[in-house]
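What follows is a set of notes on a single structure, which appears directly below.
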Amino acid sequence: MSTWERSESSSSPSAPSWFSQFWSSALRSKPLAPPSETTIRASSGEGLVRRLSLFDLLLLGIGASIGAGIFVVTGTVAHDTGPGVTVSFIIAGGSCVLNALCYAELASRFPAVVGGAYLYAYTAFNEIIAFLVFSQLMLDYHIGAASIARSLASYVITALELIPFLNNNIPSWVGHGSEEIYGAFSFNLLAPILLVLLTIVLCRGVGESSILNSVMTVTKVVIVIFIIIVGVFEVDVSNWSPFAPNGFESVLTGATVVFFAYVGFDAVANSAEESKSPQRDLPLGIIGSLLICIALYVGVCLVLTGMLPYKSLGGDAPLADAFTSKGLQYVSVLISIGAIAGLTTTLLVGLYVQSRLYLGLGRDGLLPSLFGEVHQTRHTPVHSQIWVGIVASVLAGCFNVHILSHILSVGTLTGYSVVSACVVTLRWKDKTACQVFGKSISSRAEGLICLITVVCCGFAAGVFYRFGASFIFLIIAVIIAIFAASALHFRQVYTSTQGFSCPGVPILPTVCIFINIFLFAQLHYEAWVRFVVLSIVTVGIYAVYGQYHANPSSNTLISYQKAPTEAD
């Protein structure tokens, strides 16, 4: 009997208790068959439009990752790390490549349905874990979108103030934000307006939003490449010595900071239902966009640290300041244009991803069905998109969301870890029960215990490193994680997959989990509190609504909507 059928029988009068019904519902998984190129499962009669080519997916991934951070974060981290910030970006980029390989396999394995990390967790684990992954990711996206909208509004006002009659004549509350009230409230007029405009673009269709993203992304990439080329002629190699003035520890700490400059390749995975050839293009889009971002970040770091001594870097616009100090003011203007383009695409893609996640939960019944509806002519999730725009507009218009930035990235690291674990669990072959310490235990249970052990070791190692504990404790945590990974490798049987296959399973995904949780431990303690509190709230929402309305075994099939160029 399937878990879904068991949950149905639990509602009968003979059901033992409410807790039993809750537990039965929470442990349901999504019986998603390997999708074909022509059909997807959904709860409505209309689908999204397959319009995105490989080039569009590459620009989507780049647009999500390369924002104003390349013009700011590179300099602020270099101020503490020195020229070694280049190594920090390489380490962080390498870690993200490992995560991207895991994403690429699952995107290739389930290429025809929206949902990303939420969908993968629902299929590999169960309903409650999928809902928890969604909530953690969504809070990151909501706060991040509001914060980016405020930054974009500030850059737009700064650009407008270059016009003489507008200089110093625009009230601060229009774009920069009013004075803070009680440390949290700060009114901003322009940020919600920009969010409304981008929401309208996204509601009109993926074609229109893709065109805007493509134009903006190409603009900022061209500007970044131009900056690198011009900056090469201003480099003084003596500024690269010493390369790591504060030691390798500062370089590693810098890697934990700049890790989040790469997040965004999951946006490609969430565009599965709108990709023309998802099984081929999604893995290429995920990995290709990330490699391009690594190259751009490394190039900017080398130029920036070569132009000025690292101690001179920092501030709100370090890259612009570097070129101004060399008498290249026109490059500073280009940097401002690039920052506006970068923030626009990052915000656009962020809003796009959020609506697709809501669409997936609406279809599955974990949220009201309104979120699962797709407009019949626009083929976009209009209701989900409007809701996302409203939430971001309220946060951006009324709150100083920057004070919440230190609790961000919890959902990202959690989601990446779950995706890596999904790659391992979905590859397991069913085996008979085995003996562990004299007790019979299923192969899957043994594997899950090993994965949980890796998570605990990663967090312990991160805490030991963060608080300067004896190095021996860090070594012990790593050794235990190695034993757990070895057990996963030698005591489990793994199947092969069609399409893109992540190399080194289960070792590579296990390394991803360890690194992600290690970085999780470096976050502010308030981020840990946010993780616990939001998890409790999520379980409460699921207990009240989700468990009664979710329908993971919906059998409604709908056809892909062909792009105009592919129509018969």
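Keep in mind that glycine also has a Cβ here, set from the backbone N, Cα and C atoms.
Curation plays no part in TrEMBL annotations; they are all automatic predictions.
Look at TrEMBL and you will find 57-78, 84-106, 118-139, 215-233, 253-272, 284-310, 386-404, 410-428, 448-465, 471-490, 502-521, 527-545 (among others) tagged as transmembrane segment. Residues annotated as domain 'Cationic amino acid transporter C-terminal' in TrEMBL: 500-549.
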Whether the transmembrane segment (57-78) meets the transmembrane segment (527-545): three or more C-beta pairs under 8 angstroms: no
Cβ contacts under 8 Å made by the transmembrane segment (215-233) with residues that lie 6+ beyond its boundaries: 59, 62-63, 66, 70, 292, 296, 299-300, 303-304, 306-307, 319, 322-323, 328, 331, 334-335, 337-338, 341-342, 344-345, 348
Touch test for the transmembrane segment (118-139) and the transmembrane segment (527-545), at least 3 Cβ pairs under 8 Å: yes
Three-state composition of the domain 'Cationic amino acid transporter C-terminal' (500-549), taking helix and strand from DSSP: 39 helix, 0 strand, 11 coil
